Amino acid sequence: MQRIPDFDGLRFVLCLGMAFFHYSFRVPVENEYLQHLILRFSYFTDVFFILSGLFLARGRDPVWSGRSYAAFVAKRLARIYPLHAAIFSCFGLLSILTATGFMHPHAQPDMDWRNALAQLFLVHSWGVAGKSFSYNYVSWSLSALLAMYLCFPGFDVLCRRYGGRAIFFVVAALIGCELLARAWDAPSITRAQYADIGILRVLPSFLFGMWLARQRPGDLPKPLIRFALAACVLVFLFHEPAYLGGEGATLEGLARLIFLYISTFVLYAASMQGIPTPLRWRGFVGPSRYSFGIFILHPLVGLVFFNMLPETWGKSVAGALLLISAGVLLSVLAAVVAWRLFENPVHRWLVGRIDAWAARRSDAKPELTSSASS
């Protein structure tokens, strides 16, 4: 699969932004514009789901069988599960030490064994068991993505069969998931995880990424693409709609997702036509391999780092930004160490075993065929 430098760089920037966003709740930035801008970093979560669908759809073979499906799911688990299990174990140990009286943290950790099992098996964002924000609070997105991986062959068949018309499935998913989220007592689809049904938030964006992977927007005029890119950046930086929930000046629900779909499409068009963007900077593209580590590790890093700081630190705007930036930098360093010593070696070992298993005799009868003539 040919890499897309802009999107590799974007993936790294997204994870930095998500860490910065979460840390801003630990060290508030007392500046209205900066507060609102940092709140809009929450958009990055939805872009992350788009990229997940995009990258997977660009790298798939056209034929599915029972063996290839099992190998696909196993490889996705090999990518996300070892580090998830390691970080979950740290949060679980914290809960055990608190329950037995060996630790007395400022905030009580989750100590519900049902939530622990649901998070361990990554089903806590399916609406059937567990709480989205128990233990490692970012893992709700991994739970939702696991559901997407399990359904990916069906999505792949639809996208290949219907081509560009698969956008209608994206529209149907948008509307349907918005209605279901509200029926589940969530304020909107972009807050479905608060109702422990994060898969509703992920599904439309994941499908859009898969649809986007099969588009070839080579006919759009380059001046139009540059203008659209600039417009999207300006909307992100300065547009502050009033959110009815009273939690900040951010786009929510369908409005947010439509804006992000347009922005991602424009960036994809720029990438396909070779229009340079700052995301191609090697300082973003090179460290993109550490993105997942930053994403999954930063809650634990933040828990340790910010609890060690004196409460009097970070009271000024500059001080708060400095502390948050330091926390993000520590998350990057932790991700680098984890990738070199654990994440990458374990992933390569597991993928090698999976490939060896998949190389054995193929299933006699394929269960799913994903080809243009099916």
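Backbone N, Cα and C define each Cβ position, glycine as well.
What TrEMBL lists as domain 'Acyltransferase 3' is 5-337. When pLDDT values are averaged over the domain 'Acyltransferase 3' (5-337), the model yields 91.
Annotated transmembrane segment per TrEMBL: 7-25 (among others), in sequence order. Residues 35, 38-39, 41-42, 44-45, 47-48, 51, 54-55, 138, 267-268, 271, 278-281, 284-285, 287-288, 290-292, 294-295, 298-299, 302, 306, 320, 324-325, 327-328, 331-332 of the same chain sit 6 or more residues outside the transmembrane segment (7-25) yet have a Cβ under 8 Å from a Cβ within it.
Within the chain, the transmembrane segment (37-57) has long-range Cβ neighbours (under 8 A, six or more residues past its boundaries) at 1, 7, 10-11, 13-15, 17-18, 20-21, 24, 29, 141, 144-145, 148-149, 152, 156, 159, 190, 201-202, 205-210, 212-214, 236-237, 247-251, 256-257, 260-261, 263-264, 268, 295. What TrEMBL records for 37-57 (among others) is transmembrane segment.
According to TrEMBL, the feature transmembrane segment maps to 78-103 (among others). Below 8 angstroms of C-beta separation, residues 109-111, 116, 119-120, 122, 135-136, 139, 142, 145-146, 292-293, 296-297, 299-300, 303, 338, 342-343, 346-347, 350-351, 354 of the same chain, each at least six residues beyond the ends of the transmembrane segment (78-103), sit close to that stretch.
Among residues of the same chain six or more beyond the transmembrane segment (137-155), those with a C-beta under 8 A of the stretch's C-beta atoms are 18, 22, 45, 48-49, 52-53, 56, 64, 69, 72-73, 76-77, 80, 84, 87-88, 119, 122-126, 193, 198-199, 201-203, 206-207, 210, 295-296, 298-299, 368, 370. Residues or ranges marked as transmembrane segment in TrEMBL: 137-155 (among others).
What TrEMBL lists as transmembrane segment is 162-181 (among others). Residues 188-189, 191-192, 195, 197, 200-201, 203-204, 207-208, 210-211, 214-215, 253-254, 257-258, 261 of the same chain lie 6 or more positions beyond the ends of the transmembrane segment (162-181) yet place their CB under 8 Å from a CB of it.
Under 8 Å from some Cβ of the transmembrane segment (224-242) lie the Cβ atoms of residues 36-37, 40, 43, 249-251, 255, 259, 262-263, 266-267, 269-270, 273, 275, 277, all in the same chain and six or more residues away from its ends. Per TrEMBL, transmembrane segment is recorded for 224-242 (among others).
The transmembrane segment feature in TrEMBL is assigned to 254-270 (among others).
Per TrEMBL, the feature transmembrane segment maps to 290-309 (among others). Beyond its flanks by at least six residues, the transmembrane segment (290-309) meets 11-12, 14-16, 18-19, 22-23, 26-27, 48, 79-80, 83-84, 87, 90-91, 94, 105-106, 136-139, 142, 323, 326-328, 330-332, 334-336, 338-339, 343 of its own chain at Cβ-Cβ distances under 8 Å.
Tertiary proximity for the transmembrane segment (321-342) is limited to same-chain residues at least six positions away from its ends with a CB under 8 Å from its CB atoms, namely 16, 19-20, 23-24, 26-27, 29, 34, 82-83, 86, 287, 289-294, 297-298, 301-302, 305-306, 309, 313-314. The annotation transmembrane segment is assigned in TrEMBL to 321-342 (among others).
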